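Student: From Swiss-Prot, here are the annotated features:
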type: DOMAIN; residues: 1-76; note: domain 'Ubiquitin-like 1'
type: DOMAIN; residues: 77-152; note: domain 'Ubiquitin-like 2'
type: DOMAIN; residues: 153-228; note: domain 'Ubiquitin-like 3'
type: DOMAIN; residues: 229-304; note: domain 'Ubiquitin-like 4'
type: DOMAIN; residues: 305-380; note: domain 'Ubiquitin-like 5'
Amino acid sequence: MQIFVKTLTGKTITLEVESSDTIDNVKAKIQDKEGIPPDQQRLIFAGKQLEDGRTLADYNIQKESTLHLVLRLRGGMQIFVKTLTGKTITLEVESSDTIDNVKAKIQDKEGIPPDQQRLIFAGKQLEDGRTLADYNIQKESTLHLVLRLRGGMQIFVKTLTGKTITLEVESSDTIDNVKAKIQDKEGIPPDQQRLIFAGKQLEDGRTLADYNIQKESTLHLVLRLRGGMQIFVKTLTGKTITLEVESSDTIDNVKAKIQDKEGIPPDQQRLIFAGKQLEDGRTLADYNIQKESTLHLVLRLRGGMQIFVKTLTGKTITLEVESSDTIDNVKAKIQDKEGIPPDQQRLIFAGKQLEDGRTLADYNIQKESTLHLVLRLRGGSF
């Protein structure tokens, strides 16, 4: 299939790829076309930085998707700024930049005046005259941006997809007004919006003050679907997921929605309804699945196996893996479970440090083997 890669200069490169290609493979193709070494490439899709050992399919990158290529600068460094809406901005900075400088860069990118910006790192609000180095902010650190409001207040609206929208409102705004603001931001007509707060559905003519909705309250937005309907998916752990679907959705579509919500790759999902396993190409209508039906989700482990990872604190983590998984993949799974970035992980087995590009099979790591995880310290020189 073809995908596109857009550079910061606005140039678009077209690549021929397979869903099974790893991010490493894609970077090698970009190097062939553009001469940029893979270690200077960072690829972004849907706001996420893509990890080398993962595949295009893992990130649900489909034909004609567009990736963004950001170059990793030698002397400078990149940091990320996350807004309350969940958007992540990438900035090129130097350790010697002041917080004022950083706010000016955010203004250049996003148009937000510095005096409305509050930057938070490691739970601390950053002061304008200090530098990034003063706060020990290093490459690929993430700052959080909170807007300082004048007069009004901010509230949050959380959608069923998990996205959070930030709105500027007054206590005297009516629910109609709020729905109009959501329409401005997201394009959803007010008559398709249902807003919930403290378990109550909010009525159009009433104000935020009537419902005691105060600054930084979170409302929940549920869509009233036209031809659409809700179905439930129950996992083996007993968790129930709610999905917005159409009768004409295929089983593939449903699995993609589950991936969006839960991060489970479609090829590891088996969906069961009325005792039957559902086939990818068929639609919900084919199986007579109607509104508020419940499907059952069973995970397919592929000739997978379990291994254990023991940390220096004595904690043991259990991972589901394949023999063909690379050490990169294993580190990504540890990151998913424990939040430890791969570049801070060293894995040891049988007294040997494991190299990223090699597979578990290369090291004869079999089911129920135990790896040891040692953390690589930032300032360290491993």
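Cβ from N, Cα, C; glycine included.
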Student: Tell me, what is the mean pLDDT of the domain 'Ubiquitin-like 1' (1-76)?
Tutor: 86
Student: Tell me the residue counts in helix, strand and coil for the domain 'Ubiquitin-like 4' (229-304), as DSSP assigns them.
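Tutor: Helix, strand, coil within the domain 'Ubiquitin-like 4' (229-304): 18 helix, 28 strand, 30 coil.
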